[in-house]
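Before any comments, here is the structure.
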Amino acid sequence: TAWKVLESGGSELDAVERGCSQCEIDQCDGSVGYGGSPDESGETTLDAMIMDGNTMEVGAVADLRRVKNAIGVARKVIEYTKHTLLVGESASLFAVRMGFPYEDLTTQKSLSLYSEWLNQSCQPNYWKNVVPDSSKSCGPYKRREEVTYKEEHTRSQRSIHNHDTIGMVVIGESGTVASGTSTNGAIHKLPGRVGDSPIAGAGSYADSTAGGAAATGDGDIMMRFLPSYQAVEYMRMGTDPTVACQKVISRIQKYAPKFFGAIICANTTGSYGAACNKIPGFTKFHFMVSSPLLSRPTEQVVDCI
């Protein structure tokens, strides 16, 4: 969808918006758009961002409720405000003012995911150091008086398949770069939780003087390292996109060896690459590429490191 927009003369931002929006409509992987990843209270909320690599403007929304087209609302933040990130109920009110309809983001699928989780004593969840024991029961939780800091032995709770976000980098004919992301976040997250996707430099980053990158995976860990920004800066120094991606993954590995995550990188000449962290059940990363050199959108695969 994004490639068709470019071919028909649309801008790089148009391509990112339409491409990510298509994934929201298709509910890609159950992890983008409405009807997926209900939070602890059973509600689906959305995060998205879009970035213009020419002006360095970013539009983003987080914890967006009752509005389906999150990437569209993010684009309106660039076009109609001097802000970068709008969140929660206020982001929804802004969306309505911009002409987006209120719609229910809950589906039978998200309701069944939520009820299954409740029946499994709310496992897995994202609490720690609380009473009652969050590994065995549902809340409401209270903080434990004495906090015990033990190393986190459990692997990322994200379902181990290729993606939990749509991330996109678009390079125009003249080398102009745009990027974007859209996601419904981590399943069973605490209400109000925001991951890496709508954070500039974390979920994605675009700079028309260097390139663009987008990340997917365990956003709570990945956002601490601003991986997309870091990858673009490596490419600015002349690093090959594949190597730039690998260096970013290696950097996070030192602190979180078992994290679930991957990143795609593309420079202004159209060279691209990707890298992922190798963990049980996730040894390869698949991503799609469209370019003038390819007759049709093509799936690429890299081995995780």
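From the backbone N, Cα and C atoms, a Cβ is placed for every residue, glycine too.
Its Cβ taken as reference, T165 (active site, nucleophile) is surrounded by 29 other Cβ atoms within 10 Å in the chains shown. The active site, nucleophile annotation in TrEMBL covers T165.
Counting only same-chain residues six or more apart in sequence, the Cβ atoms lying under 8 angstroms from the Cβ of R193 (substrate binding site) belong to D39, D63, Y126, G185, A186, D220. Feature annotation from TrEMBL assigns substrate binding site to R193, V194, G195, D196, T216, G217, D218, G219.
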Which one of the binding-site residues (G195, G217) has its C-beta surrounded by the most other C-beta atoms within 10 angstroms?
G217
Run through the Cβ atoms and count how many others sit within 10 Å of the one on T216 (substrate binding site).
29
D196 (substrate binding site) to T165 (active site, nucleophile) - Cα separation in whole Å:
10
Using all protein chains in view, find how many other C-beta atoms are within 10 Å of the C-beta of D196 (substrate binding site).
31
Binding-site residues V194, T216, G217: which have a Cα within 10 Å of T165 (active site, nucleophile)?
T216, G217
